[in-house]
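S.K.: Here it is, the structure, as structure tokens.
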Amino acid sequence: MSSLEISSSCFSQEMKLPLSPPLVEGSVFEPLEKDMNEVEEKSKDIIKFTAKKLSVDEVSQLVTSPLCGAISLFVGTTRNNFEGKKVVSLEYEAYLPMAENEVRKIYGDIRQKWPVKHIAVFHRLGLVPVSEASIIIAVSSAHRAASLEAVSYAIDNLKAKVPIWKKEMYEESSSCWKRNKECFWATSD
């Protein structure tokens, strides 16, 4: 058994502390019989559109895996201004059957490009007050590069391809539906 010797003028005698506890049969410190590479876990693709407040913790937990060393997140929130106007909230609408189908296509693209484990996209619908999340995207992977690149790809393609519309609500009781310049169906000016 290895030990660490500690001496101090405060102690009247030398003390020895073990560096690690001894292994006891059936203890939690006993090495696992199965190699971690043999552990199988089915990949998850999670899509949720909801009027309820989004939780970063909930979405992060859904993509957590013992096989992964990275979870990358994108959280899009409502900011309080746009072009000099005070924004009080955003309102989102979506054509759900097409939106879900387009998100699934993005998941397929991600899985072809990067070795990721789990993917989740949660998007808020209805009114979203300032500072609250409109969208949370989470991706887990063994290493950070894959999940970081996949999250960036997901938000860029979601904005370009998924039929979700945003209306800005301003303090002076006016509002404006916003054209997403990144959408493939948007006409160029």
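A Cβ is built for glycine as well, from the same backbone N, Cα and C atoms used for every other residue.
Where the annotation comes from TrEMBL, it is an automatic prediction and has not been curated.
Annotations for this protein, taken from TrEMBL, read as follows:
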BINDING   H143, R144, K159, K166, K167, E168  substrate binding site
S.K.: Using a 10 Å cut-off on Cβ-Cβ distances across all protein chains shown, tell me which of the binding-site residues (H143, K159) has the largest neighbour count.
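M.R.: Per the Cβ count, the most surrounded site is K159.
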S.K.: Radius 10 Å, atoms counted are CB only; among the binding-site residues R144, K166, K167, which position scores highest?
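M.R.: Of the binding-site residues R144, K166, K167, the most buried by Cβ count within 10 Å is K166.
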S.K.: Would you measure the largest Cα separation among H143, R144, K159, K166, K167, E168 for the substrate site and round it to whole Å?
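M.R.: About 37 Å separates the two most distant Cα atoms.
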S.K.: Return the count of C-beta atoms lying within 10 angstroms of the C-beta of E168 (substrate binding site), excluding that atom itself.
M.R.: 20
